């Protein structure tokens, strides 16, 4: 009897002693989390810290810039840790980004501000390397990168809302909503909000997002977008969702119902709220200011009139901070022409056309609809915003679209 009791006690002690003290996480889950972390760090890297912008948190300008720029190094380290041994997938899109980075490096050697131009070109190279390291996870059927990107956008929009609640006067500087926890200009807030709303709507139309989640996202995002008074973001959102919805129209009954409801709401709104919409679109500007595109035409004319050598016409003046004589360029195509010349413009056009054509010929489904929304948004925004030829949120959006149309004929990436 004593022997039996001793054995039972030993077995019980052994089982208790070997009980895990923490939850065991599967290797695939850990890899997925690291991929998500790498993508989040890329988003942080493109969220430029503006020291002069109003913000609540006492972050010194040098520290804020170090956090934003250091995020790219962190993304590279995380991407290397999850992609070990290193293996990448062939990608025409990332190859074109690398060619653009090499051309920017060549142009920046002759730049007036050599260090800044070379730093931006090197940053674009590092950005492209991280994207290439993440290519094994591009063709996943679970839309890992899209869901990750959407969650990050929700977090950004949430931080803007918190800033508005805590310091409404600071957040509504010049009657346009800006981020004040982390300084985010109104145009960028509009971009992130429109991206979150658009991805939410397309995922819901595709049947990949629950109704209450989609409704919550849209209810939060649309007022924030309207408070930013960002007309380009609203136009790009509407056109992008419309094209994505048309690509799903014949295969999804909820899309047809949504289009019917949308037409009714638009018609009623156009009849009853036309004066309010006109006031919002005018944004307090007169006809002359609207005709000059809020002063953009003056900068654009000055860029086109800038004297150039043959080398500068072909390869540009080197990567800049997308400003000319202290004024923002606010046009991707003119900014690209000024920075990397006609060659850079041609490469950027090839980037956009590659994704657009690949999305157009992809079979009907959520991947195609999401890619069409993203590339449409980027194309429309490119006329009054900069970013497709540098490491920016717009290039990240275009990369996300490229990942959605990646050829999946081969075996999928790590699971």
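Backbone N, Cα and C define each Cβ position, glycine as well.
In TrEMBL, the feature transmembrane segment is placed on 117-138, out of the ranges 117-138, 293-314.
TrEMBL lists transmembrane segment at one of the ranges 10-29, 150-169, namely 150-169. Of the listed segments 92-111, 392-411, TrEMBL assigns transmembrane segment to 92-111.
Comparison of 150-169, 189-205, 212-228, 340-362, 369-388 by number of C-beta pairs under 8 angstroms to the transmembrane segment (234-251) places 369-388 first. Of the candidate ranges 63-80, 189-205, 212-228, 189-205 has the most C-beta pairs within less than 8 angstroms of the transmembrane segment (150-169). Looking at which of 37-57, 117-138, 189-205, 212-228, 340-362 has the most CB pairs under 8 Å to the transmembrane segment (369-388), the answer is the stretch 340-362. Same-chain residues lying 6 or more positions outside the transmembrane segment (340-362) and placing a CB less than 8 Å from one of its CB atoms are 92-93, 96-97, 99-100, 103-104, 107, 312-316, 318-319, 332-333, 368, 371-372, 375, 378-379, 382, 388-389, 398, 401-402, 404-405.
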